[in-house]
Amino acid sequence: MYGNYSHFMKFPAGYGGSPGHTGSTSMSPSAALSTGKPMDSHPSYTDTPVSAPRTLSAVGTPLNALGSPYRVITSAMGPPSGALAAPPGINLVAPPSSQLNVVNSVSSSEDIKPLPGLPGIGNMNYPSTSPGSLVKHICAICGDRSSGKHYGVYSCEGCKGFFKRTIRKDLIYTCRDNKDCLIDKRQRNRCQYCRYQKCLVMGMKREAVQEERQRSRERAESEAECASSGHEDMPVERILEAELAVEPKTESYGDMNMENSTNDPVTNICHAADKQLFTLVEWAKRIPHFSDLTLEDQVILLRAGWNELLIASFSHRSVSVQDGILLATGLHVHRSSAHSAGVGSIFDRVLTELVSKMKDMQMDKSELGCLRAIVLFNPDAKGLSNPSEVETLREKVYATLEAYTKQKYPEQPGRFAKLLLRLPALRSIGLKCLEHLFFFKLIGDTPIDTFLMEMLETPLQIT
């Protein structure tokens with residue numbers, strides 16, 4: 001099992017040797033260590049006693065240069081249970097003390113590789129039994145797992161919440177028994193009086209709850225002030241005014257339909273969009289701070305978002321139309337006409353993802369104006385000289401819209417998020433429309449950039 005270690009020990013001639021062997025004979029380490037007397041007490045022992053190697057390089061073993069692995073292990077663990085009995089008269093003592101020096105000279109526990117089947121010294125794990133570490137993980141009130149220090153005491157989420165509710169609501173409890181009920185993980189809800197008293201006894205502080213409430217109130221007020229300062233700089237009233245100023249008069253167009261026109265739906269939509277480009281520039285000028293941007297950036301923003309801006313407008317205008325859209329020219333394009341013209345798929349998306357959603361949530365003009373302003377202030381538009389300024393303006397519109405929905409629709413806390421969810425659909429539909437509407441490159445014989453530049457340089461007409 002342990003191999004041949006005859007070069008470590010020498011024993012009397014004739015003992016255990018093969019026939020004809022007259023020199024010193026090796027002895028198994030297990031037999032040697034099972035005896036009780038020193039090796040040199042035997043009369044025939046003539047060689048030097050066993051000693052640990054002094055240098056690692058002098059040892060001719062493959063096991064980490066520690067000499068016999070049997071010595072290293074048995075010095076700490078004792079002889080193995082399967083040790084062979086030594087013949088009478090041969091007694092050996094335990095390994096000399098010098099062997100301990102060999103073990104202690106090992107640089108780390110990784111240098112000691114145990115024999116197969118024996119655990120490594122460095123892999124022994126001992127659980128921590130420090131009282132302090134246990135207290136931090138146990139609720140001082142009920143003994144459940146602690147989630148941290150709450151109101152001065154390590155406690156679980158249940159006891160933390162119970163104490164906070166008691167203080168904030170100023171609750172008063174009574175005990176049905178003798179005010180000495182057991183409060184533990186299983187029975188903590190049985191008696192609220194005793195549970196609250198134990199919270200106090202263990203050190204929970206009433207003032208800590210009150211201070212937490214005060215901090216929350218101050219933080220909410222601070223956030224409200226920040227939001228207020230944001231939307232005061234981008235008043236929703238001015239955004240609504242911009243929408244109303246360019247709103248086409250379509251009251252008398254309700255009875256008109258596609259049959260009144262000889263053109264196909266795509267041509268009619270193009271003509272309507274052509275007309276709306278003029279009013280779109282007027283609308284943008286009325287949006288707060290848009291005119292403060294450089295003229296080049298104004299052109300870039302309108303060119304990047306015109307399709308989405310127009311689609312949002314006629315989609316909201318069409319919420320009162322049955323299964324179709326109402327153009328700014330007053331024409332009503334029905335779903336069947338769009339399918340006949342080969343644009344049914346994109347037309348259906350406009351109806352289901354925009355018109356229907358706007359109708360379901362009853363989106364008002366102020367919300368529409370804010371969504372369009374968010375589209376207008378696109379900091380990702382290519383070529384902007386100052387994208388960060390545009391992004392700041394967009395964030396102000398976000399703040400204005402959020403404040404408006406909270407004030408106007410307090411019973412709908414998710415309304416702001418619902419409004420923003422229309423923007424990805426608007427972007428996707430806008431990109432798809434460009435495949436069908438080719439008019440955007442030219443306004444008659446005028447390139448769109450030149451047209452927009454001329455429109456933006458024209459003074460705003462206040463009506």
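Just so it is clear, glycine is given a Cβ too, placed from its N, Cα and C backbone atoms.
Swiss-Prot lists 139-204 with the feature DNA-binding region. Per DSSP, the DNA-binding region (139-204) is made up of 22 helix, 7 strand, 37 coil.
Annotated compositional bias 'Polar residues' per Swiss-Prot: 21-33, in sequence order.
Marked as compositional bias 'Basic and acidic residues' by Swiss-Prot: 211-222.
Annotation comment: Swiss-Prot describes 231-459 as domain 'NR LBD'.
For 1-138, the entry in Swiss-Prot reads region 'Modulating'. On the 0 to 100 pLDDT scale, the region 'Modulating' (1-138) averages 45 in this prediction.
Per Swiss-Prot, region 'Disordered' is recorded for 18-53 (among others).
Per Swiss-Prot, the feature region 'Hinge' maps to 205-230.
According to Swiss-Prot, the region 'Disordered' annotation covers 211-232 (among others).
Per Swiss-Prot, the feature zinc finger maps to 139-159 (among others); the stated evidence is sequence analysis.
The zinc finger annotation in Swiss-Prot covers 175-194 (among others). Residues 139, 141-144, 158-159, 162, 166 of the same chain lie 6+ residues outside the zinc finger (175-194) yet bring a C-beta within less than 8 angstroms of a C-beta in it.
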